[in-house]
Structures are given as C-alpha cells and as structure tokens.
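K.L.:
Shown below is the structure under consideration.
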Amino acid sequence: MAPIKVGINGFGRIGRIVFRNAVEHPDIEVVAVNDPFIETTYAAYMLKYDSSHGLFKGEVEVDGKDLVVNGKKVRFYTERNPADIKWSETGAEYVVESTGVFTTTEKAKAHLVGGAKKVIISAPSADAPMYVMGVNESDYDGSADVISNASCTTNCLAPLAKVINDNYGIVEGLMTTVHSYTATQKTVDGPSAKDWRGGRGAAQNIIPSSTGAAKAVGKVIPALNGKLTGMSIRVPTANVSVVDLTVRIEKGASYEEITETIKKAADGPLKGVLAYTGDDVVSSDMLGNTNSSIFDIKAGISLNKNFVKLVSWYDNEWGYSRRVLDLLAHVAKVDASK
C-alpha cells in the first residue's frame, strides 16, 4: 500500500510533533505544510530543534520556498484562509488541522475546497464527530468529511475509563489532570480577561483550570455520558501530564484485581494505546512515549472495593500526535474499502 499523502495546517507544537511522528509512521507521508505566520527557513529551524524532544532524527533543508525532509520535498504554503491552500497540487488527500482555530465542521471543511478529501482536527470540536483510538474508532463509517481526534487528556482518560467500565461498571467519577503548561499560557503575569488565573506566570505557579476532557469521554463512550467530569491543574513543567481518575464502581474489586484487568487490556486489545508500569517513574520518564495512556500501578490507591483512584501518564504532545496519525491511517483504510 502506498503511503497516505498528508497535509498539515498549522506548524505549532502539535503540527511539528505530528510531522516528527509522521517520519516514523510507515503508512504516512507529509507532502505539504501551511502556516501563514512563519517563513520556510524558520519552519525548518523549528522542525530541526525542539527543547522538549531534542534534535530531529533526520535531515531538514530548504529549497526555495519549500522544505526538504530526508530528501523528499514538502510544499510549504503561507495561506491565511484554508480554502486558498492548494492541497491537490501535492496530492494531499488528508489534512491534519492543527491551528487550534478551525475546530468546527464548517471552518475545517474549507480545506476541501483546495482538494483535501478528509480533515482530522487535532483538538476537541463542538460539532465534528470525535474518535479516540482504542475506544470508538470502529464507529467511523466514512460518511464524515471532518472528524476530531479529541484532546490529549481525553485520549489518556478514555481507554482507561473504557476498561474499568467494561469490567466493573462506573457509577460516577471525577478526573483531575495535572497538566504541563502549554503555548496559550503566559511566561510572566499578563492579561487574560476570560481566565484570570490563566494569565499568571506558567513557570511560577500551580494554576487550577477547566477542562472538557472528562465530559468528552461521554461522547466517545455514551454509557458514561453524565457520569464523569473533571478539572485541570496546570503545573510548571514543559511536557508530560498525568490523569488522576477517581471512580465509584458497581462490581466490587480489589486494587490488585483492577490492576490485573488493566494489564490484560494493555497487553491485548489496547496494546499501543494503553500501557502500564510498575516502576517508580516521574514525568520526565514518559517523554516521547507513544502510548495514549500509561497506567502507573504504584501510584493508585483504593478506599474499598467500590471506590478507587487510578493514575495514568501521557506525553501530551508526542503520544497524542501519534494517535492523530493512527486515526488518520484508520480513516484512510476505511475510506479505501468503500
């Protein structure tokens, strides 16, 4: 099977990490990138050097207005309007929408004007169908032109919640994600009219924040709709986050039994999405981990057989970006079978 030709709109954190992952992905070839705010030489620099993930494993060069990565030309566009990007010139049939701006179906559909067939939004969407690998990707039937890969936190939480709900039944639960700071936060205190706490210096503070990640699980696992909610605590680390899921379960089980159930799922149907560790790990040990969710056996606790706290790590950049591409490859496979 020939590689799936992909375009990336938005060359920020996720756009660049998706590109890096694509180089390692056997089914994907990035043939075009669009970003109106940077020129090609700067795009090459940002792809080559990364403070969290290190030096790019390969060759990055510039040829006129285009990138050349590992000897292959990657067309570089600088269009502000997605409808003006000529994806068809490069053969890009699938577009990763990673600007964080065009997150509705109507806005993301603009990519179809330039020749794209499908758009995968690398963020939650208010109206596009959301899919999480290992959870509900089998629901994709090829009919939607625009889909969402949900958020990095939902990708961590949903596989874990699925295993617990399938085996024990979740009555209700609360989630907290202890989340690294992101590009939307401030390096020092600055104006943030909609979120006053969010305007405080990211590297100086622990900042309580909101997240829709837990409620979004109800969209990908309808049986959990209304049973989960959560919050975020932004902390002074640049990458890697951790989910704390506290649930009341219907079918009583010891923490050890629950652990064995999670391990069985991680070694079986959810391999590559859900993983586990019994080591005394810290956040930096998870840097570059390609799994969506890494269950920390030693970090969790239970109060009794029906009330348990589970802890799971995720590289909110690398693991999530790999899932974007895995979902894209799955979508392309389903589309090809139609």
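Keep in mind that glycine also has a Cβ here, set from the backbone N, Cα and C atoms.
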K.L.:
Swiss-Prot has R13, I14, R80, N316 down as binding NAD(+); which of D35, D285, D296, D335 does it also list for that site?
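P.N.:
According to Swiss-Prot, the candidate sharing the NAD(+) site with R13, I14, R80, N316 is D35.
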K.L.:
The D-glyceraldehyde 3-phosphate site in Swiss-Prot lists S151, C152, T153, T211, G212, R234. Which one of T105, T182, T261, T277 belongs there according to the record?
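P.N.:
As annotated by Swiss-Prot, S151, C152, T153, T211, G212, R234 share the D-glyceraldehyde 3-phosphate site with T182, chosen from T105, T182, T261, T277.
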K.L.:
Which of the recorded positions R13, I14, D35, H179, N316 has its Cα nearest to the Cα of R234 (D-glyceraldehyde 3-phosphate binding site)?
P.N.:
H179
K.L.:
Per DSSP, to which secondary structure element type does R80 (NAD(+) binding site) belong, with helix, strand and coil as the options?
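P.N.:
Assignment for R80 (NAD(+) binding site) reads coil.
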K.L.:
Just to verify a number: CA distance, T153 (D-glyceraldehyde 3-phosphate binding site) to H179 (site 'Activates thiol group during catalysis'), in angstrom, no decimals.
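P.N.:
A Cα-Cα distance of 9 Å.
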K.L.:
May I ask which of the recorded positions R13, D35, H179 is closest to G212 (D-glyceraldehyde 3-phosphate binding site) if we compare their C-alpha atoms?
P.N.:
H179
K.L.:
Helix, strand or coil for H179 (site 'Activates thiol group during catalysis')? Use DSSP.
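P.N.:
In the DSSP reduction, H179 (site 'Activates thiol group during catalysis') maps to strand.
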